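Undergrad: Have a look at the structure that comes next, please.
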Amino acid sequence: MYDDVDYINPNTGTDNVWQHTKGNVNKKLERAEPYRFFLSPVDCDPSTHVENLTLSFAELLDKSLGDLEESLHINLIINLKWLYEQYRITGQKDKISILFHSCDYELDELKKIPNLSYKQLRLPNLFSLQQSNFRFKQTQPQNQFYSHHSKLSMFAYSDGSIRIVVMTGNLRKFEFTNITQGFWVSPKFPLKNEDDKSDGDSKTGFKKDILRYLNSYNNIPLLRSWIQKIEKADFSEANVFFIPSIPGKHLEPMWGHQYLKYILKTHACIPFGQPSDWPIISQVSSLGIYGDSYKNWLLSELVESFSQSTHCSTDKAVNFNVIFPTMDNILNSWDGPVGGSCVLYCDEVHQKQTWLKNYMRKWVSNSRNRSKAVPHIKTYCRISPCNTEMSWFLLTSANLSKTAWGKKLWQDRSYTISAFEVGVLFLPQFLTGCNTFSLNQKQNNGRSPPFPLHFDLPLSPYSSTDQPWRVDALDS
């Protein structure tokens, strides 16, 4: 497994997107204001390589974005060869730190790599790997049922500024080839002035929330310097909310869907019609176990939280849809059934909740040239009944599961979460100054640019013969 990995002197690799934007990625980010929401390129479709709202991982390292001093990647899975290659082809040789759950290479194999030092730290299940300017730490939650699913990157520059990137992909080549991933890329948050006595936070509380997320790792040494960098930075220009989940039992509504519920109830606007007419759309790459009825957890907890707004509450249920690839979506994708390996659902679970099909919608993205690029992106949003306005939009690592979002413990009003997750919530008041995001260029009426939604509207229901993709269905 190590034979094809040359960490010391790799001499291959290119990037089909960055070659068009080299030295000018900063201008691409500026053109994407105010949303800064991008999709990953599709290798098999060159038209996506030159789209304004396509972003490759290598572009995050372009020197036009600043004099990179250090970067941190918090993720579930990494491929060291691929990640190293991104830094090599962009000419970035600065320090890289990685906090991850698992690696494409076994630790025993990594120890064989020349000039790679390895040691087990005193913290439980924490490993340190060092090679050249790389620092790696592997962390596993103490509870075997917890997972580390976040996908968060941070970039520190020589002028003291810092940039935050929330994405949906693991750091490996397969997931950035013919797969649809999403990125939110922040502006550079500058170093606070010495005479600035404020907390340097934004109206969205982004700084506060990312700090409490990083502090939840219980003082991992690798993160201390990053917490200090954030504390010293001015995040006042952050125009999105940071939505984290962390494992454990919680009482306060500060994590998962309980925190999202609080923010939506405070800020989300339904400007016309009845709230029940504005459906909630979930678009995910993995489905959980929901029980024998929609009412069990999806309706009673998740949809109830996602339905919150500043509008007076109503007892009428809000329509809920989940975009999830059909068998045909996967089999007809660029990578065929191989592409389906990153879309997780199994037949055994589906047979116990076949009612879910009533709420399922096909993956269709003709408007963004991604219909054949398997969606690993995860998003949630609330759309007007006429499909022209959007109340809010969430890009996140969190799939549609109790593990990611949390489950109430009715006996003491607490709730439990079993995964680290991070996401960013877009609310129009903080980005465009309007009550909703426009989704229609023709009816925009001089407002801010329409939100670049990544799937087509109206949604496409499953037909009577359509079935959701299941990783084990081809064997049955």
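In case you wondered, yes, glycine gets a Cβ from its N, Cα and C as well.
Grabbed the feature section from TrEMBL, which reads as follows:
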ACT_SITE  H149  active site, nucleophile
ACT_SITE  H376  active site, proton donor/acceptor
BINDING   K151, K378  substrate binding site
SITE      S401  site 'Interaction with DNA'
Undergrad: About how far apart, in whole Å, are the alpha carbons (Cα) of S401 (site 'Interaction with DNA') and the residue listed as 'active site, proton donor/acceptor'?
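TA: Cα-Cα distance, S401 (site 'Interaction with DNA') to the residue listed as 'active site, proton donor/acceptor': 15 Å.
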Undergrad: These are the binding-site residues: K151, K378. Which one scores highest on other Cβ atoms within 10 Å?
TA: K151
Undergrad: Whole-number Å only: compute the distance from the Cα of the residue listed as 'active site, proton donor/acceptor' to the Cα of K151 (substrate binding site).
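TA: Their Cα atoms are separated by 12 Å.
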Undergrad: Would you mind checking how many other C-beta atoms are within 10 angstroms of the C-beta on the residue listed as 'active site, proton donor/acceptor'?
TA: 24
Undergrad: Any idea what the Cα distance is from K378 (substrate binding site) over to H149 (active site, nucleophile), rounded to a whole Å?
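TA: For K378 (substrate binding site) versus H149 (active site, nucleophile), the Cα atoms are 12 Å apart.
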Undergrad: Looking only at Cβ atoms, how many others are within 10 Å of the one on S401 (site 'Interaction with DNA')?
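TA: Taking all protein chains shown, S401 (site 'Interaction with DNA') has 22 Cβ neighbours within 10 Å.
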Undergrad: Among all the protein chains here, how many other CB atoms are within 10 A of the CB of the residue listed as 'active site, nucleophile'?
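TA: I count 24 other Cβ atoms within 10 Å of it.
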